[in-house]
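The following features are taken from Swiss-Prot:
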- 30-37, 149-152, 186-189: ATP binding site (BINDING)
- His37: active site, proton donor (ACT_SITE)
- Gln61, Gln155: (R)-pantoate binding site (BINDING)
- Gln61: beta-alanine binding site (BINDING)
Amino acid sequence: MQSITEIKSLRSQIKAWRQAGLSIALVPTMGNLHLGHFSLVEKAKMMADKVVVSIFVNPMQFGANEDLDNYPRTLDEDKRGLADLETDIVFTPSVETIYPNGLAAQSFVDVPDISLGYCGGSRPGHFRGVATVVTKLFNLVQPDYACFGEKDFQQLQVIKTMARDLSIPVEVIGVSTMREVSGLAMSSRNGYLSNEQKDSATALFKVLNNCAEQLKSGNTDFATLEETAKQSLQQAGLKPDYFSIAQRDTLKAATLDDNKFVILAAAYLGSVRLIDNLQVEV
């Protein structure tokens, strides 16, 4: 596995692969890798001849009161895990490499509509940061495929929309959420939770499942389902940020004409913000 930090070295290797007619898959990450990330790498290996994993804690997608400085950084451990999976390149640029003129002077990518609401409403500027850094990575790696986890479902749809709107020739692939035995979605932020909090956090998946079962049984009173779910989360000790039933592909509010839904949820457990979702087809 090659460990690359500089753009020139990355581009040189990408050019050689392209000249050899090899296909490339990209897995963008912020590090602190877990089994969910490794499942993305496994999917990438199935799709392409060569796999590039980027590890970059992107300051542009963190808000003023968010945990950029405290975000877990486990680079040595991450590299060992990626080497075990026979990843071809791990790209670990510095902030100065990605944003040489600083954030204030950086051009950015905004994806309208689909980036608003849900996490976009709770974290203003977040998806601008995500879309900008992913666009830069797409330009640098020029992948045929890019793998993202479905746990961050709005992010996945934002990136699909961005790639389509900007005519970027990449197939954006969503990979199913990896879960703990308890049902809790794997996340780098789970490391902030105590064992007791992890037990409480399982309520998020349970409430999502209950709502999904109601939809499958024909209940289309979306507003009541959402309100009941929020109350259930509160009773379990979580503070709901949002709980919404949406059209799966557009993320607009669900209507009676829809049959493909995604239930999107975010809730706080102490200071830790958890997100999860379930896709439902009826």
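Glycine is no exception: its Cβ is also placed from the backbone N, Cα and C atoms.
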Work out how many Å separate His34 (ATP binding site) and Gln61 ((R)-pantoate binding site) at their Cα atoms, rounded off. 21
Compare the C-alpha of Met186 (ATP binding site) with the C-alpha of each of the recorded positions His37, Gln61, Gln155, and give the closest one. His37
For Gln61 ((R)-pantoate binding site), which residues of its chain lie six or more apart in sequence with Cβ-Cβ distance below 8 Å? Gly125, His126, Phe127, Arg128, Gly129, Val130, Val133
Fill in the CA-CA distance, Gly149 (ATP binding site) to the residue listed as 'active site, proton donor', as an integer in Å. 8
Cα separation, His37 (active site, proton donor) to Lys151 (ATP binding site) (Å, whole number): 11
Row the residue listed as 'active site, proton donor', column other C-beta within 10 angstroms, all chains, value 26
